[in-house]
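A short worksheet on the structure shown next.
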Amino acid sequence: MVRLIVGLGNPGPAYDRTRHNAGFWFIDRLAAAHGCVLREESRFHGRVGAINLTEPVHLLAPLTFMNRSGLAVAAMARFYKIAPEHILVVHDELDFGPGVVRIKRDGGHGGHNGLRDIMAQLGSGGFLRLRIGIGRPAGSMAVADYVLAAPSVSDRQAISGAIEKALACLSELLAGHVEQVMNRLHV
C-alpha cells in the first residue's frame, strides 16, 4: 500500500516549465484534483500535503533541487515511519517518448540523479516509480540542457496526457494492484 507519493523536480520559477519537473506537474495535478493545497514544510525540505483515497496518502514535492531529493524523501519517510516499499516516486524518464508512462517496482537509478540520491538516503531502491516519458535530446544537445529546457507545445500536451493516464490508474495502484496498472499503462 502506497503511503507517500513524491513528485520530483527543481524548485523555483526558472524550472517550472522544464522537462525535469514532470514529477512536480503530476503531484500538483493530483493535489488539485483532491482539493489539497501543498504547503512548504521546512522539516521535510519540501511542499507537503495529504489526500484521502482509500487511506490517507502523504504528498511531497522536494524543494532541495533534484540531486538532493533524497534528503526530503528520507525526512518524511522517517517521520511517518514509511518503508521504501510504501513510497511511489514520480519522475521524468528520458528512455520513453513524451506521452508514455510506465510503472516500475524496485531497480536502479538509470542515471537519474534524483533517484540516485533517494536510494542513497533510504538505503534501498525498493520503492515504486512512476516514469513519465520526456524523450531524449536530438542531435548533439546535452542531456542536462535538454531536461532543463521547456518541452515543445506538442510534447507538453503528450506529457500532460501521460499524467492524466497515470492519475486515472492511481486508486488501483494505491490499492496494491501494480500488475493490473502495468497492464493498463504498458500498452
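Note: Cβ is positioned from N, Cα and C throughout, glycine not excepted.
Asn113 is the residue from Asn113, Asn183 that Swiss-Prot records in the tRNA site together with Tyr15, Phe65, Asn67. Long-range neighbours of Phe65 (tRNA binding site) (same chain, six or more residues apart, CB within less than 8 Å of its CB): Asn10, Pro11.
If you take the Cα of Tyr15 (tRNA binding site) and the Cα of Asp92 (site 'Stabilizes the basic form of H active site to accept a proton'), they are about 13 angstrom apart, rounded to a whole number. For the recorded positions Asn67, Asp92, Asn113, a Cα to Cα distance of within 10 angstroms from His20 (active site, proton acceptor) holds for Asp92. Taking the Cα atom of each, Asp92 (site 'Stabilizes the basic form of H active site to accept a proton') and Asn113 (tRNA binding site) are about 11 angstrom apart. A count of other CB atoms within 10 A of each Cβ picks out Asn10 as the most crowded of the recorded positions Asn10, Asn113.
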